[in-house]
Amino acid sequence: MNLATTKAKLKSGAQAGVQALNKAGHAAKTGTVAAGKATVAGAKSLYLTIPKDYDIEKGGSLNELIKAADELGIARLQEDANNIESAKKSIDTVEKLLSFTQTGVAVSAKKLDELLQKYSSSQLAKSLGSSANIDSKLTKTNHILSTLSSFLGTALAGMDLDSLVKQGDASATDLAKASLDLINELVNNISNSVQSIEAFSEQLGRLGAAISQTKGLSGLGNKLQNLPNFGKANLALEMISGLLSGISAGFTLADKNASTEKKVAAGFELSNQVIGNVTKAISSYVLAQRAAAGLSTTGAVASLITASIMLAISPLAFMNAADKFKNASLIDEFAKQFKKFGYDGDSLLAEYQRGAGTIEASLTAINTALGAVSAGVSAAAVGSVVGSPVALLVAGVTGLISGILEASKQAMFESVANRLQSKILAWEKENGGKNYFENGYDARHAHYLERNLKLLSELNKELQAERVIAITQQRWDANIGELAGITKLGDRISSGKAYADAFEDGKKLDGASNVTVDTRTGVVDISNANGKKTQALHFTSPLLTAGTETRERVQNGKYSYINQLKFNRVKSWTVKDGEANSRLDFSKVIQHVAFNDEDGRLSGKTEEIALNVNAGSGNDDIFAGQGKMNVDGGTGHDRVFYSKDGGLGQVNVDGTKATEAGSYTVNRSINNGSFYHEVIKRQTTQVGKRTETLEYRDFELKRPEHGYQTTDTLKSVEEIVGSQFSDTFKGSKFADIFHGGDGNDTLEGNDGDDRLFGGNGDDHLYGGNGDDLLDGGKGNDVINGGDGNDVYISRKGDGNDTLYDSHGSDKLAFADADLSELTIERTAQGIMIKRNDGSGSINMAEWYKTLSQQNYHGNATDDKIEQIIGKNGDYITSEQIDKLLKDKQTGTITSAQLQQLAQENKSKSIDSGNLASTLNKLIESMASFGSRGATASNYLQPAHKSPQNVLAPSAV
């Protein structure tokens, strides 16, 4: 760094100082200017002047002052006619405390002694002179001299810096050493906060003593001797004692009892503990100067000084530092729960917060102290000939120092960040190259398992599976991301990590679980169920899309960097199942990616990620996700559910083109509510002036304006469950099993022996050809079995259904009612079967229509059900009904008559084979899948016990 660069960086901070120094020269008399120049050019010492006729050997009231000066290293100067008299004439300081000489600033021992005696009884003098509270070795006189020395020493040190800048040949190293020497003393003394007048005076005394001993900036202290140049900020910080250690413990704002949050508001005082005491201390100090100089210390003057100091103190400047210390404490507490899992990154983050807080606190305290002193001295200088140039000098010095500090600030932050980076890289080297931030995700997941182990262990019972595979996506972690940004390692972090944990019999498997979740290739393999017959694949959180991430750290401004994400995405997930009866729930797998435009905002463009499911053997239940799904059910009885949480939108199932059983095309709408979308987000971390922006993948719930349309392909799927919307099912030429779920659905079996369950809603069920089983469910349904020997199921609460039938030997079974609980009434061209409790009815309006008539589906029908069966197997026939009602316009078959007819049938021989087939259909339907539970529940349904005596054949 050359001098020109250094001067440019200091220009803004030094400008005020140079202007103030120039004003000081013009404001004083000619003698003052000459004396000031001589002081700058000379040794610039502080002297204690002793009257020429004072005899030290004989002793007197001044001996105490002389002894104190000797202890403090303040030179004694015996008055003579030459230098003292000329000084008095030139700057008009007759009978004043302070005066300039050719070799420095003189303090009149005589005048000081008089002032001490004059004000010895005042509270102010007692405060300034309470040496016992500071150091038992210092007398009151010693302490006051130390205070004066400290203030003037600070000013003289600033003049040294100014003279270096003006020389034009000073090196950057000299400037850095000068500024850092001042920083060192201010940080170690002032930044710990001022709690009393005595402490403030003591700190200034030490500061002045250290700087006043500096001669020509050649010997700047042992701590900075090895500083090679200004650019080596790391070493510079380490050389500054206490900057990065110790201060946070002593700094008042770090104390949780400082009440910063309660006492701070924009434009108001920080708190009495901090700024109040600083104000009191500096006010008392400058008032003492005025008293010592013989100036007024009235209440009005004191108020002016206090007001000036308060205006120089910014409460909000302290808040940033206070927040960092507070955050560090919170992060430290947060870090404890992850340390036992081998991750210390949160502690590193807290370490940075403390370091940054220390820097902010130190520099804020320095600038606050300098600004307050400058303001106080300026206020105290009112009415003082000597005070005015001194005040201007102090203002100039503080402006210059502030500029130097600001130029050094970024290097301080980077030193802390670089130290943390070194720790991270050292850890990776010690741990075989493992990624430090990935280790952070591992610790987060281990903590998640520990905290939620009880709930996770209950999944076996909840999902009714001997084995549960829980897949958890640890998403982007702000703390881990912030640490990566601070340490300039943002290109080494990932957006998260997916984990698979196996639970068997309520216990987590600690060893190998025979599960593979490869987020790079998009393969999830759970085909080895570890000998268990039932298992469930459960996603505890939304799973990000598969692929490979890379990042590149690019500079996009002087202090600005962006870690750009590049993602090679796999277009689908593949899930492999094995022999177990598995429950595969994909409702939390993210299947839509939302893209951003060049400005980082969502563009509205999306990409769909497919799910390929190879279910293997076993009876599997597959819950559809939020996007395209290709399912191969394999062997076994497999079911696909579109009913999870009510479903995502309307489902249209089409099996009309199937060439093999279980093959369907499902066109569905995804427009109900909000869906998971993978998005690119950004996190920005501030390190002083440097900003680090990290791009990462995350997910959000979004509701697209028009929704999505997608198409699923199902193969070897035996059963499909619809949504809460109005779904359409069209069966194949094979046996189909459809459940409408909620909504007003349309189910058509077409060919094959189909099972159609309407579920809730006003549904239309049409069996078509084949021996079908039709269950309308709740709602007012329209049901037509079509050709074949069909079975209709009715339950309590099903609503008022309309039933059509054509051809075949058909049966209507009341699963929960005896015939004695029913009544049959004649209608215009048909009959109405009513439940006596009013819970539902079945209207067969075309029972008596001829075959020339057509039903609503356009097919001819005789609309008669050959047998009506009660829950205990009692039955009546269509012929028995016709005998009682055919030739009547109105009429009723009572419950008693129905019971009598059923009793007569018990002694008759019936077709046991036909009845057994009907019985099997009903039992299988009720035992393997309860239509109520199937459409409403998200989980496997427990097998119902076979209904006793339902359709049981009578003894023959």
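Glycine is treated like the rest: Cβ placed from N, Cα and C.
Note that the structure is a prediction, hence the values are computed from the model and not measured.
Pulled from Swiss-Prot, these are the features on record:
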- Lys558: N6-myristoyl lysine (LIPID)
- Lys689: N6-myristoyl lysine (LIPID)
- 48-58: region 'Cholesterol recognition/amino acid consensus (CRAC) region 1' (REGION)
- 280-287: region 'Cholesterol recognition/amino acid consensus (CARC) region 1' (REGION)
- 340-348: region 'Cholesterol recognition/amino acid consensus (CARC) region 2' (REGION)
- 349-354: region 'Cholesterol recognition/amino acid consensus (CRAC) region 2' (REGION)
- 444-453: region 'Cholesterol recognition/amino acid consensus (CARC) region 3' (REGION)
- 613-639: repeat 'Hemolysin-type calcium-binding 1' (REPEAT)
- 722-756: repeat 'Hemolysin-type calcium-binding 2' (REPEAT)
- 757-791: repeat 'Hemolysin-type calcium-binding 3' (REPEAT)
Neighbour tally for Lys558 (N6-myristoyl lysine), based on other Cβ positions within 10 Å of its Cβ: 7
Other CB atoms within 10 A, centred on Lys689 (N6-myristoyl lysine): 13
Distance [Cα-Cα, Å, rounded] between Lys689 (N6-myristoyl lysine) and Lys558 (N6-myristoyl lysine): 9
Intrachain neighbours beyond the region 'Cholesterol recognition/amino acid consensus (CARC) region 2' (340-348), with Cβ under 8 angstroms and 6 or more residues off its ends: 331-332, 334, 420, 423-424, 427, 436-437, 439-440, 442-444, 446-447, 479-480, 483
Beyond the flanks of the repeat 'Hemolysin-type calcium-binding 2' (722-756) by 6 or more, those residues with Cβ under 8 Å of it: 642-643, 646-656, 658, 660-664, 668-669, 672, 762-775, 777, 779, 786, 788, 921, 925, 929, 931, 934-936
Within-chain partners of the repeat 'Hemolysin-type calcium-binding 1' (613-639) [C-beta distance under 8 Å, separation at least 6 from its ends]: 527, 574-587, 589-592, 648, 662, 668, 670, 675-676, 708, 710-721, 928-929, 938, 940
Three-class DSSP secondary structure - Lys689 (N6-myristoyl lysine): coil
Collapsed DSSP category at Lys558 (N6-myristoyl lysine): coil
DSSP residue counts for the region 'Cholesterol recognition/amino acid consensus (CARC) region 2' (340-348), split into helix, strand and coil: 4 helix, 0 strand, 5 coil
Residues of the region 'Cholesterol recognition/amino acid consensus (CRAC) region 2' (349-354) by DSSP state, where helix covers H, G and I: 6 helix, 0 strand, 0 coil
